[in-house]
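Features as listed in TrEMBL:
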- B:95-302: domain 'ABC transmembrane type-1' (DOMAIN)
- B:9-30: transmembrane segment (TRANSMEM)
- B:99-120: transmembrane segment (TRANSMEM)
- B:132-162: transmembrane segment (TRANSMEM)
- B:182-202: transmembrane segment (TRANSMEM)
- B:237-263: transmembrane segment (TRANSMEM)
- B:283-309: transmembrane segment (TRANSMEM)
Amino acid sequence: MRGARTILTREIVCIPFGRPSPDRTVSSSTPPWRIALSVNAPVVLRVENLRTEFGTDQGPVTSVDEVSFSLAAGETLCLVGESGSGKSVTALSIMGLLADNGRVVSGSVVFEDEDLVRLPENRLREIRGNSIAMIFQEPMTSLNPVLTIGDQLAESMILHLGLTKAQARQRVIELLDKVGIPRAPEVVDDYPHRLSGGMRQRAMIAMALSCEPKLIIADEPTTALDVTIQAQILKLMRDLSAETGTAMIFITHDLGVVAEMADRVAVMYAGQVVEQADVYTLFDEPKHPYTIALLRSIPHLSTDERLASISGSVPSLLYMPTGCRFHERCPQAMDRCVGERPELLPIAGDHDVRCWLYDEAAQPQSSGAAVPA
Amino acid sequence: MASYLIRRLLIGIPVLLGVTVINFFIINLAPGSPADLYLSPTATPEDVARTEAELGLNQPIFVQYVRWLTQLLHGDLGVSFQNREPVAQLIGDRIGPTLLLMGTSLVVAYLIAIPIGIFAARRKNTAADYSVVGASFLGISVPHFFLGLAVIYLFALQFGWFPTGGMLTLGRGGGFVDRVEHLVLPVTVLATAIAANMVRYVRSSMIDAFGQDYIRTARAKGLGGFTITNKHALRNALIPVVTVIGVDLSALIGGAIVTEQIFQWPGIGLLTIQSIGSRDYSVLMGINLIAAIAVFAANLLTDVAYAVVDPRVAYA
């Protein structure tokens, strides 16, 4: 019974049967240029061979390895994967907000001709909240409980845009109004505990938008919300990103959300990107066995089949398998997968896969993403 | 808020009444009669009985208590057994110096403890942090009487920087500088214990605050370390710290009794010790009542302060 209810709520609210609906991008609020995107839009962010390690009692642990992707202006890239696949660490690495024991060991994060990995902290601070903003998973705890909403939203505008307190306050009210918070002139003086989770997440979105960033990184912004609120927030973010042309990295483990939001999708597994494609290709023609398994594990209302699951569990970062990191759980694993590490290689156009099954089809010369095993 | 305060004040009445009952009976459990001390060794049993009758000590304890309470309700704390001075007058003369000593100690302790606690929290698990934690452990552990004698030996006797005790130098008129010089050593003793305790509270609650999601949000906004520490983290870290102030005040009253004795500071603490020595029960009852009211007021103040620093707390 429990399974059945999950299927109901998920599908009704946000999953159009597990794939992006064809009319999704032509909603009235979406400008036409957005549909033909990423063909000639300038690249905003290029992440190459990112490798992030954390110091632990058992020695350094690599949490994110060989992660590469790029993002065009106005584009929404979904990073999708299970818990612990390195999605959030990738986001925090881009922002330079890793915990004290974490650091980017190699690779680059080029944002507007600057490599964020090599920038000094004070230059990074000028970028954070200004041209790159972040929205977090937990709206209940991400706002400071002892400061008013207005104070918290005004801070970055006073800091980055040099607004006066009065100007910032006026703009906070406009922003709150824009993200659909009723009674904005009163809410500006409220403390976060007066707002519901959905309203707080709207306030967080307003905060992210406040300095008109070129890139918003949203780390599971709807995971902590109930499904109706989730649908509202997704729609809000989609409309706002369409309106402002802000590029977005949207982190989620929910393929329904991916179908709603993404222009392109990067599937992460055990700290690596294993497949990358535009959202339609990924849902229609997934190539990597992990992506295929992931898509098969979405519940469907239309069939009575048992839900498919992926056997085994995500490998521990301390004991990463040799060769392909997925080989222990892969139904199509070959001898080669145990010993040799596959690279992320393009198989067709914009479609990259990290799998030995597609070794023949791959065109190794055309991507900067590959790294010798 | 107003109705909450009124309710709290009303609850305070039975609490204070209970405190006086317990104090009264405990004091009367002490062996020996106050009359023994006011008569010469050659006094006859009749003399003792007569003195006890004069002091009202020959009546049953609960009758004595009811009489004391009736007096109190008429605004009279009674008179000292020893020298017949009104208790209210005795306490009134001594409360100023005690408030000066305790207030200064509290302010000095917090001014020291909060920055050091923040410093240690920002350098969590480094040598600097361990030194602070170690020093605070030492500060909590050292008894008042030992620290008092140690600072007197060092700074008064060896270096001669400060006087050994008292509140004024006779003949110097008791100017501001003179007061401060007399305050330094007793304040050092009292503030050490409070600051040592407070440092640990501030440190742990700052570390807790630094680990919260809203700090990550603040960093993601591009705010600098100073704003994050002193605006975002400290405001939250002070919430648990504020709750300790009430507890600190009780400890401060206990500490002041010993410290005033060591430094011959003419305050309530010294009066307490003297009254215990002379079995001056009526003075002791007055002091106990004042101390109970002070602790009660401190706790009430703490609750009010709590609502001020934490917008989520609202009293109805």
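The count begins at 1 with the first shown residue.
Each Cβ is built from the backbone N, Cα and C atoms, and glycine gets one as well.
The stretch from B:99-120, B:182-202, B:283-309 with the most CB pairs below 8 A to the transmembrane segment (B:9-30) is B:283-309. Simply put, out of B:99-120, B:237-263, B:283-309, B:237-263 has the most Cβ pairs sitting under 8 Å from the transmembrane segment (B:132-162). Contacts between the transmembrane segment (B:99-120) and the transmembrane segment (B:283-309): absent, as fewer than 3 C-beta pairs lie under 8 angstroms at sequence separation of six or more.
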